[in-house]
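Here is what TrEMBL records for this protein:
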type: TRANSMEM; residues: A:36-55; note: transmembrane segment
type: TRANSMEM; residues: A:67-84; note: transmembrane segment
type: TRANSMEM; residues: A:96-115; note: transmembrane segment
type: TRANSMEM; residues: A:121-140; note: transmembrane segment
type: TRANSMEM; residues: A:182-201; note: transmembrane segment
Amino acid sequence: MNIFRLFGDLSHLAAIAILLLKIWKTRSCAGVSGKTQLLFAVCFITRYIDLFLHFVSLYNTEKVMKLIYISASVFTCYLIFFKFKATYDGNHDSMRAEFLIVPAAGLACLINTKFDAIEILWTFSIYLEAVAILPQLFLISKTGEAETITSHYLFAQGSYRALYILNWIYRYHYESHVDTIAIVAGVVQTILYCDFFYLYITKVVKGQKIVLPA
Amino acid sequence: GYYKYKHDEL
């Protein structure tokens, strides 16, 4: 474990917590893409499938973190699609998730480390995570604005994989560890946040709200 | 030797 991965995981946890708090406190999921949250839940379930297959005692933080990610993302989907369904902005959350799931599944069958079920699921999860934020960014571009708290969520979510890139550089240099598929997908994922990062740094940090040119 | 490919990251 290195500092980059530690802060990456903390940033990811913060993102999940910020979103849960925003929905719970405002009792509304306006401005939040339910599809993105569904895709994240699928990512966690397919990536941590080993938790369900051979249940091991929660002997280390990694198992606990995996359970937190899965339960928090499923709970977030419950809040969006059931509890606060009335506030879900369905007609702006209109990016076709199938256009993300099918290519990720196809690519996972073509480019993977080992052609076995668990590995394919893991690879699918990595590819899907890289593009899972697109419905959320699409929704913001359609509504033309993002609540400040939602911007903080996006910043934390984007920073997590950016920090993981630093973690991979560190591990390549000190442990000569390379996980090419995760690295390529992580770079693509982080690039998708670039224009949001620019808006966040230039606007939100100064206390302004993000308003996209409609 | 056989290297068990394991993803050790979240």
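Glycine residues also receive a Cβ, built from the backbone N, Cα and C atoms like all the rest.
Highest Cβ pair count under 8 Å relative to the transmembrane segment (A:121-140), across stretches A:36-55, A:67-84, A:96-115, A:182-201: A:36-55. Packing against the transmembrane segment (A:182-201) from elsewhere in the chain are residues 126-127, 129-131, 133-134, 137, 151, 154-155, 157-158, 161-162, 164-165, 168, 210, 212: each is 6 or more residues past its ends and has a CB under 8 Å from a CB in it.
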